[in-house]
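These notes are about the structure you will find just below.
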């Protein structure tokens, strides 16, 4: 980046100042931070921190001119921060809720839990071959347990002991952001930190993500273009970044990879990870031979917020909102699940009469506005712009899984199953080698299987309908050979409320996974003598894992002391299900 002229540098800095003063998108499309809970953090601040765009501008100076940054007290380590209690609004919304993890061992148990969840309209957070996490009101717990077999009535533990506080802590905190003490750009002996620490030190609202994407397109016009996929139900733009260097007058179809996140609004780590991978590819172009060659042969489309309306809603009203925000036949139950509304094997009959279901796929295929917009854009690119989509990564959370087609059923065998499995295993390996985080690999259809301790593995029923998924539509209807859904961190300690300290480590894991995908797509074309593994090691510095996968977690500060006063005595845990049994692997939530 040092080849920029002095005039170019001044232009970039002027652009950063301009963007900080004039929003790139209308206020209607990108509303500001919610007044609560963020404003509460600032009440006791003696000195306001610099604005985000000011810090971004400063980071450009550091990066381009090599000026060491001022000292910053980044979150983490031994630094102690003031404790703030969740405001009354969050207490009112979430204090009566609990997240329970059920351990499942038989098909009958799964079937009973599925039926009970449907009857009570419960919010299933995540499920694997061993457990299911469900959020419900505490006063509904007796009704749920009463519908379950005796073996399940005590086979559960609470995951998050203080849901309002955990929700509150997931929002950015101005009091926890490093302050500059008015020192500006004084030299420091501290080694230069990565510019990513500024944008990726916290989750960002849509009002920041949009201008940030525009800034990247303005700074790197040679290989970055800001595009629009379409409009949401509420009229917001669905922005995307096209990253690549397309040769002029090339008659061959342009091979293109789509990486998207935010289909489910509450899954903030997916949004941040899409942005992180985009930033990493953009800023590494010209510095790494593999990445430069990759972007000359492939375009990457990064869509961080496929569901902008729902994402804004999680910032302004309900942090745990999942669907989009369009109207349904029931005015008090808005929203369509954007991963259950796609046209291939749409299974709306499963939830068609229940718009209140969290997995409601609409009353017809492509009922979800944003999914319909993305499908139309993909069709237009294929038919009118000579684009060939070759890979699709759909980032979700949580449970740490790499899933491949098909989702709707296990009966059909994907024609390239062997290649799908091989690449999926490579993706999981890359993630494990980055930060020692383990991801399981399976077909998205598999649902639940019996414990591996048993000789025979039986396929269990699934907790929710899996027809109409984006994963299957891209694979079958578009012909994308490598279509995957990645369910990111964690495995339940925080669920959708993953602490901000996980943003960069998760981003690095998925960036390395994308590099494995790139190597798979490129093959040996022009890289016979290149050591990819050495190149990855050069580009990445592995972080220590924030959340360890081990089963040896120690109890800390009473975090394992659960309040079970709301559970009827007859349903309280007994010795039939040992929490420390092999395979249970419940990791306790830790204080930060």
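The backbone N, Cα and C atoms fix where each Cβ goes, glycine too.
Residues or ranges marked as substrate binding site by Swiss-Prot: 264, 265, 266, 267, 322, 339, 340, 397, 398. Residues or ranges marked as compositional bias 'Acidic residues' by Swiss-Prot: 548-558. Annotation source Swiss-Prot lists disulfide bond at 333-356, citing similarity to another entry. As annotated by Swiss-Prot, domain 'Peptidase M14' applies to 202-521. As annotated by Swiss-Prot, region 'Disordered' applies to 170-191, 542-592. Per Swiss-Prot, the feature signal peptide maps to 1-21.
This view paints the features noted in Swiss-Prot onto the structure.
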residue: 264; record: substrate binding site; DSSP class: coil
residue: 322; record: substrate binding site; DSSP class: coil
residue: 333; record: disulfide bond; DSSP class: coil
residue: 340; record: substrate binding site; DSSP class: coil
residue: 356; record: disulfide bond; DSSP class: coil
residue: 398; record: substrate binding site; DSSP class: coil
Original post:
Are there any residues in the same chain, six or more apart in sequence, whose C-beta is under 8 angstroms from the C-beta of residue 322 (substrate binding site), and if so which?
Top reply: 123, 264, 265, 266, 310, 335, 337, 358
Subject >> Which same-chain residues, if any, lie at least 6 apart from residue 333 (disulfide bond) yet have Cβ under 8 Å of it >> reply: 355, 356, 360
**OP:** Would you measure the largest Cα separation among 264, 265, 266, 267, 322, 339, 340, 397, 398 for the substrate site and round it to whole Å?
**Re:** 17
